[in-house]
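S.K.: Got a structure for you, questions after.
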């Protein structure tokens, strides 16, 4: 309707009609703006509507400013500040009786924390949210003939009541008496075995005199059954075992998990001028690693971990209880949690919590929940 057609009405009546028309137009315009809001289309508002008129669903969006390196560092620090040490790997010793050529936690020191200090740090980690502790090395059974790690295992399960306590070992120093004393407190024992060919194990450096690594593996498997400890196998795939077919042997041993790693270079540990190992000759390509995995794809307990998954998805504590940041290809330590606390130290851990979850870092890790037929 054109306003000129209202000339015959009294002025007051014409104004009232005009107000009604404007009100109806305003309601229609509001509805139109609501429907177009998701498209963010610019509208030229007719009828000189006041600029302060609230339009449903509309908001001003400013273009994001480009992130600077300082912004990215701040974002990482904010992410790190909220990290929870759900699963921690405590390498309390660097000493080992084997000389694996690709080892990336080598015997650069002989230091081991006093038992009570180690317990204090573990209690701090539990308070910060730790649910699983894994003791590693070096070789954890080398310190005090396994008594040190045994007492830590008992403390974590009995006193701290952690859902999961595990050990990674080469298995050469474990005796049945250890299982009798500490087996009830241990959820998972992971034994490192890279080959079922003893000549290959010796070539890699995983051998000790006349002891047969593979025969010992089977003996440990039987003890785990007898003493109700979940049995796991860790294998590092490298140039000397990448063509091996391990299907039959792994299925016969029937571990709860078979963790398969790709050989990893860490500067200062197994690569570079100040390293104690030269692992370059063990390195395989991503394609070689995938071929090995494809050959063993029917092994139900297989858990593959490429270098990309492994590098930033583990929380590693060294012998001083410092978190080790491997983001830059070498181990850069934080300050010790014993000195600054878990929250301050974990900010410098380089830990990628999303990758930890993506690689399946959290699983059924308490033997009470596994419902295994021992």
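Note that Cβ sites are derived from N, Cα and C of the backbone, with glycine treated the same way.
No curator has checked TrEMBL annotations; they are predicted automatically.
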S.K.: Among 36-55, 56-75, find the range that TrEMBL records as transmembrane segment.
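M.R.: The listed stretch tagged transmembrane segment in TrEMBL is 36-55.
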S.K.: Limited to the domain 'Radical SAM core' (82-302), I'd like the whole-number average of pLDDT.
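M.R.: PLDDT averaged over the stretch: 95.
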